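Take a look at the structure below.
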Amino acid sequence: KGKCPEDGWDESTIELFLHELAIMDSNNFLGNCGVGEREGRVVSGLVARRHYRLIHGIGRSGDISAVQPKAAGSSLLNKLTNSVVLDVIKLAGVRTVTSCFVVPMATGMSLTLCFLTLRHKRPKAKYIIWPRIDQKSCFKSMITAGFEPVVIENVLEGDELRTDLKAVEAKIRALGAENILCVHSTTSCFAPRVPDRLEELAVICANYDIPHIVNNAYGVQSSKCMHLIQQGARVGRIDAFVQSLDKNFMVPVGGAIIAGFNESFIQEISKMYPGRASASPSLDVLITLLSLGASGYKKLLKERKEMFSYLSSELKKLADNHNERLLDTPHNPISLAMSLKNLDETNDAAVTQLGSMLFTRQVSGARVVPCGSVQTVNNYTFKGFMSHANDYPCAYLNAASAIGIKKQDVDVFLKRLDKCLKTFRKEAKQEKSINEISDANAATEQLEN
């Protein structure tokens, strides 16, 4: 049926299935006589076993989704993977998606492929409208494709940074719709930035007949992000949405899924990929989804949501204990932010020092964001880089509840963060005492004089 099985398979069944696919490839035929330049020859047995002897990769020179006659097993693997992944995207919340394919590139390069495909449809266009998100790969994806990003600054609503819809529409009118390649929006992001107003952006794109590409990097794991994409496609226009394999399906880095609601456009993107491609990302995600089954993946999604609530409540308690606060970002379903106002006021370097302290204590993934840092990316200067705004009101720390996180991860993180913050408070007290003693000595000396 080309769907993800409801219940996961055991490892021996998956291996048997992969071996059956592998013997359909010509390089594994007993009497094969290869006289071409690409015959699936592998000198290392270890490498051959690592890839289950599926050596030919996927696609043909003109189309990554095409069937390769001498690699029937690898071609079947590719078709099945795309079909199973499409089924999982539907069960995750985007029910009307019609087509998708796995591409052996991470999210940034996959976005570039989408932009390059649109170039042929809109030859006059040179601009991409991009509501600001301080993440380098999605910014560089536009530069690499040869377009000029038009950065739309976010608006501050309470603690949240949200899409400035008026600025987007004003910029479209100023530049002219025919000169704009697309709107490049984002769902999953670090708090206090929240997912873009996808429904409203989709309506604007439909009204001005402008394509809309969504960076859904780690949004498959969030029912809220997937709902935004579904609603955007229902009320307006979304041409394609791109998501990472590693972040959403817990496989090695190196693959992404390009999906959309118009099958012919998704096929155009797949045909834009030059040459055949590595089958490794397809193989990894197929093995993972066969072992989990639909029920196993849904269970992981449910656990992630529960852990988000737990992390949120526990981080709030810790923030209160240190006279800080958990920033109020109800529209962000994955990432949380805790203010570091007191730390920032104590010492300019204290915020970044906290980040290095956490890292040396084996806490990975937590980001500390100081105020006012400036960074230049491809000749574009961003003020307040990493905070998604020129002047966010305070320094803060990020933590995320992503798929696969366990209660133990949250508890250990909070314990180590608490210890680090106590160290800073202790040092601040000592420094204050030293300063008071110095002031008292100076006053005594003045009186004596």
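The backbone N, Cα and C atoms fix where each Cβ goes, glycine too.
As annotated by TrEMBL, pyridoxal 5'-phosphate binding site applies to ARG38. Taken from TrEMBL, the feature substrate binding site applies to ARG60, SER61, GLN68, ARG276. The tRNA binding site annotation in TrEMBL covers ARG234, ARG361, LYS426. Positions annotated as N6-(pyridoxal phosphate)lysine by TrEMBL: LYS247.
Shown on the structure are the features that TrEMBL records.
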| residue | record | Cβ neighbours (10 Å) |
| --- | --- | --- |
| ARG38 | pyridoxal 5'-phosphate binding site | 13 |
| ARG60 | substrate binding site | 16 |
| SER61 | substrate binding site | 10 |
| GLN68 | substrate binding site | 19 |
| ARG234 | tRNA binding site | 13 |
| LYS247 | N6-(pyridoxal phosphate)lysine | 22 |
| ARG276 | substrate binding site | 21 |
| ARG361 | tRNA binding site | 14 |
| LYS426 | tRNA binding site | 10 |
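When the recorded positions ARG38, ARG234, LYS247, ARG361, LYS426 are compared by Cα distance to SER61 (substrate binding site), the shortest distance belongs to ARG38. Among the recorded positions listed (LYS247, ARG276, LYS426), ARG276 has its Cα nearest to the Cα of ARG38 (pyridoxal 5'-phosphate binding site).
Farthest C-alpha pair in the substrate-binding residues ARG60, SER61, GLN68, ARG276: 10 Å apart. ARG361 (tRNA binding site) and ARG60 (substrate binding site) have their C-alpha atoms 47 Å apart, to the nearest angstrom. Here the Cα atom of LYS426 (tRNA binding site) is found 59 Å from that of ARG276 (substrate binding site). The two recorded residues ARG276 (substrate binding site) and LYS247 (N6-(pyridoxal phosphate)lysine) have their Cα atoms spaced 24 Å from each other.
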